[in-house]
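Residues or ranges marked as active site, proton donor by Swiss-Prot on the basis of similarity to another entry: Glu597. If you look up Swiss-Prot, you'll see Glu702 marked as active site, nucleophile. Positions annotated as compositional bias 'Basic and acidic residues' by Swiss-Prot: 1-24, 44-56, 79-93, 102-115, 137-151, 198-213. According to Swiss-Prot, the feature N-linked glycosylation site maps to Asn376, Asn381, Asn393, Asn410, Asn442, Asn546, Asn558, Asn610, Asn636, Asn669, Asn689. Residues or ranges marked as region 'Disordered' by Swiss-Prot: 1-179, 192-241. For 1-297, the entry in Swiss-Prot reads topological domain 'Cytoplasmic'. Feature annotation from Swiss-Prot assigns topological domain 'Extracellular' to 319-831; the stated evidence is sequence analysis. Feature annotation from Swiss-Prot assigns transmembrane segment to 298-318.
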Amino acid sequence: MPSHSRSRDRYRSERDPSRRYREVYDDDDDDDFDYHPRERRRYRRDDYQHDIRSHESPNYNDDLNEYDAAAEDPAVPLRSHDVEGRRRERSRAGESPIASPSRRDRNRGGEEYRRHGTYGDGGSPTRAMRDRRHRSRDGQRARPRDMDREARRQRRRERARGAAAMKHKSSDSTNSGSHLLSADALAKLRSHYDEEDQRERSQEQEQPRMESKRQRKRPIVGDEPQALAPFPDETPRGQSKGRIVSGAYLEEGHPEMEVRHRGGGGPAMEARWRKEGNWDGTMEGSDAQPPFWKRKKWWIVIGVLVVVLAIVIPVAVVMSKKHGHDDDKSGSSSSVDNSDSPYISSLDGLSHDSIPESAQGSILDPWTWYDTRDFNLTFTNETVGGLPIMGLNSTWDDSTRPNDNVPPLNESFPYGSQPIRGVNLGGWLSIEPFIVPSLFENYSSKDRIIDEYTLCKKLGSSAASTIEKHYADFISEQDFIDMRDAGLDHVRIQFSYWAVTTYDDDPYVAKISWRYLLRAIEYCRKYGLRVNLDPHGIPGSQNGWNHSGREGVIGWLNGTDGQLNRQRSLDFHNQISQFFAQPRYKNVVTIYGLVNEPLMLSLPVEDVLNWTTDATKLVQKNGISAYVTVHDGFLNLSKWKQMLKDRPDRMFLDTHQYTIFNTGQIVLNHTDRVKLICNDWYNMIKEINTTSAGWGPTICGEWSQADTDCAQYLNNVGRGTRWEGTFAIGDSTVYCPTADTGPTCSCASANAPPADYSDGYKKFLQTYAEAQMSAFGTAQGWFYWTWHTESAAQWSYKTAWKNGYMPKKAYAPDFKCGDDIPSFGDLPEYY
């Protein structure tokens, strides 16, 4: 009997096929809880193990060689400076000898001591004390200079009078009357002396100012050792922060060292400090002008400049917003630089003035978008359910169909009588590491970039531009054309709550994915594809797996914020259900998901069922007529026979089936794997789809043709594989068909490019896929996981379809259950 969900691990490591068929489908236990090394339950993209005796969150045994379980690496501590040590250095600096005699002559030791004794609170002398001291010193210096000047003047006059008298008394011909000084000559001589006196008076007037300049740079170190006063803890406002000179350098007594009033060095050290970036002065000697910031006129100039800039800058910004966007398509108000985007040509010829100034730079401003293709760029701030309709066209056409086997959108799809043939858009709007490894592989294991939460947090301010570029590049209109051409008719689109809002300290890129979701729905409409909405991540995380946004603890209906996140998830559905209840979505959004893969093996089952009922009633009250899906929560499908019996109308049960996360199924050889699908799964799905023996309408929302778990990051970032026995720490058990007999299984062939696949391997992969299509087609149908991947070829429908190991048309497979299983040639079982 069947072992049906990807969570089921009935077969485990059994090599005796008879045991498999002794198992019965109606076993009411969740048949997954033996503790044999090969019998641990595994799920897609995780290593969950569960103890049925409790509802505790799963215990994730992360590889300690990859991830340190301790806290993040501690920050490097700031250097601790010893205040007393610095003071001692300054004290020793005061004791260092000054080599220049001229400096010692100018030193006024007693005056310096008294000046330091009159410092104010800011560490400098009070203004009144400075004025008094300057006046006192100026007067004392002036008196001896006046006496010297008068003595020199008197001596010159006496010499002049003596010379004149000698000329009159002399009988020498050279001193005769013909050479006597005339009155004019005497007047000129007096004028010469008067000019000399005037120069001396000018020098006297200039002397106080020069003395003031010198005093500002007067050394505090004289012949006698003196100690510097301690520096204040905080530099007073307006006082320059002098560079503190190394005490060791001062103690060495370098002759070129000069010390300034606040601990800085003189000209000899200027070049060195300028290189260090800590010295802003321009003085070339002790008598140079003070720095510009100490000059009053510079303060006035700076003040005027500040006022002018305060006026000019805001005006320039406003003018650039109003007039600068015609020449700059990216927009000056854009929060993201999209100038390198190849997808904004639709802005050509448009004026940014069409966007109200209040909306410029916002999420509604197309000039901030990385991709404007196929959006209506006419501005509107209209919302439905609080969600914007910006980008949507006001008209639509529902007359399209993807192929002649299905009705057009404006006619009802015959659910129940015709199977869904669809694909998922995993890894696009809800990022998943194994689908887009390029976003994760450049980080080291120490960074622990393991999900969208940690990725966005690491990216910081560049998260929006990086993530939106992924949105624009990963899926395009051509993908929907290819889906139609591949014979598909439905698309399950993953998105998460941050498309609508974010909470608390969420690092997610908020709201940008919303417009990409809306455009994807319009592409589906254009090519006749119906849509299944799939909220892949809801507040708090419903399963603690990386594809919910954040790997770790389950915070939805569980833990401290369990009830808060319960309400937040209902608020989320209240908004999006109002939006998608609009008439424009009635024909295209035909399936409405509530939450992807809630881990009911850990969560209280009744709480999940009650929330499911409340959410379904809420969205249907808001006008949703689409089928509402509830996931099986990884419980045994037989249990669902008795669950939600009084549920609202128009509901689907959603089950996800994989063989590679079940250690009892991954060890099956190629032929037995096809038999498992056609014998066990076929009957299981057929039965659960009935209301008499099962639950009722059931879809398979996820499955794949992957036959190994070898894809990079499939089992979480940094984890190994079951296929090669590197999955779990301390457990090297290998789960593959030749584990016991050899040869050794390898991921090399499974991860090889599809061009290297042998014909036998391609035949197996296509038969394996078509067997699952046949089994799930007995119910409401299927959605392949997933349409596109960067490198995981066995998980990409597009890659398989283009490389010849998927049917050319999904509705025309080569194999169906009941047919003879074809030969796969000499295909080895170890890959």
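Glycine is treated like the rest: Cβ placed from N, Cα and C.
Shown here: features listed in Swiss-Prot, placed on the structure.
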{"residue": "Asn381", "record": "N-linked glycosylation site", "DSSP class": "coil"}
{"residue": "Asn393", "record": "N-linked glycosylation site", "DSSP class": "coil"}
{"residue": "Asn410", "record": "N-linked glycosylation site", "DSSP class": "coil"}
{"residue": "Asn442", "record": "N-linked glycosylation site", "DSSP class": "coil"}
{"residue": "Asn546", "record": "N-linked glycosylation site", "DSSP class": "helix"}
{"residue": "Asn558", "record": "N-linked glycosylation site", "DSSP class": "coil"}
{"residue": "Glu597", "record": "active site, proton donor", "DSSP class": "coil"}
{"residue": "Asn669", "record": "N-linked glycosylation site", "DSSP class": "coil"}
{"residue": "Asn689", "record": "N-linked glycosylation site", "DSSP class": "coil"}
{"residue": "Glu702", "record": "active site, nucleophile", "DSSP class": "strand"}
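Among the glycosylation sites listed (Asn442, Asn546, Asn669), Asn546 has its Cα nearest to the Cα of Glu702 (active site, nucleophile).
Close to Asn393 (N-linked glycosylation site), meaning Cα to Cα within 10 A, are the following glycosylation sites out of Asn376, Asn410, Asn558: Asn376. The shortest Cα-Cα distance between Glu597 (active site, proton donor) and any of the glycosylation sites Asn610, Asn636, Asn669, Asn689 is the one to Asn636.
For the recorded site, Asn636 (N-linked glycosylation site), the DSSP three-state label reads coil. When the glycosylation sites Asn381, Asn558 are compared by the number of other C-beta atoms lying within 10 angstroms of their own C-beta, Asn381 comes out lowest. Long-range Cβ neighbours of Asn376 (N-linked glycosylation site) (same chain, at least 6 residues apart, Cβ-Cβ under 8 Å): Met390, Gly391, Leu392, Asn393, Ser394. Around Asn410 (N-linked glycosylation site), taking its Cβ as the centre, 13 other Cβ atoms fall within 10 Å, counting all chains. It is Asn636 that, of the glycosylation sites Asn636, Asn669, has its Cβ surrounded by the most other Cβ atoms within 10 Å. Comparing CA positions across the glycosylation sites Asn410, Asn558, Asn636, Asn689, the one lying closest to Asn669 (N-linked glycosylation site) turns out to be Asn636. For the topological domain 'Extracellular' (319-831), the predicted model reports an average pLDDT of 95.
DSSP assigns Asn376 (N-linked glycosylation site) to a strand in the three-state reduction.
Of all the glycosylation sites listed here (Asn393, Asn442, Asn610, Asn689), it is Asn442 whose C-beta has the fewest other C-beta atoms within 10 angstroms. Note: the CA-CA distance between Asn410 (N-linked glycosylation site) and Asn689 (N-linked glycosylation site) rounds to 26 Å.
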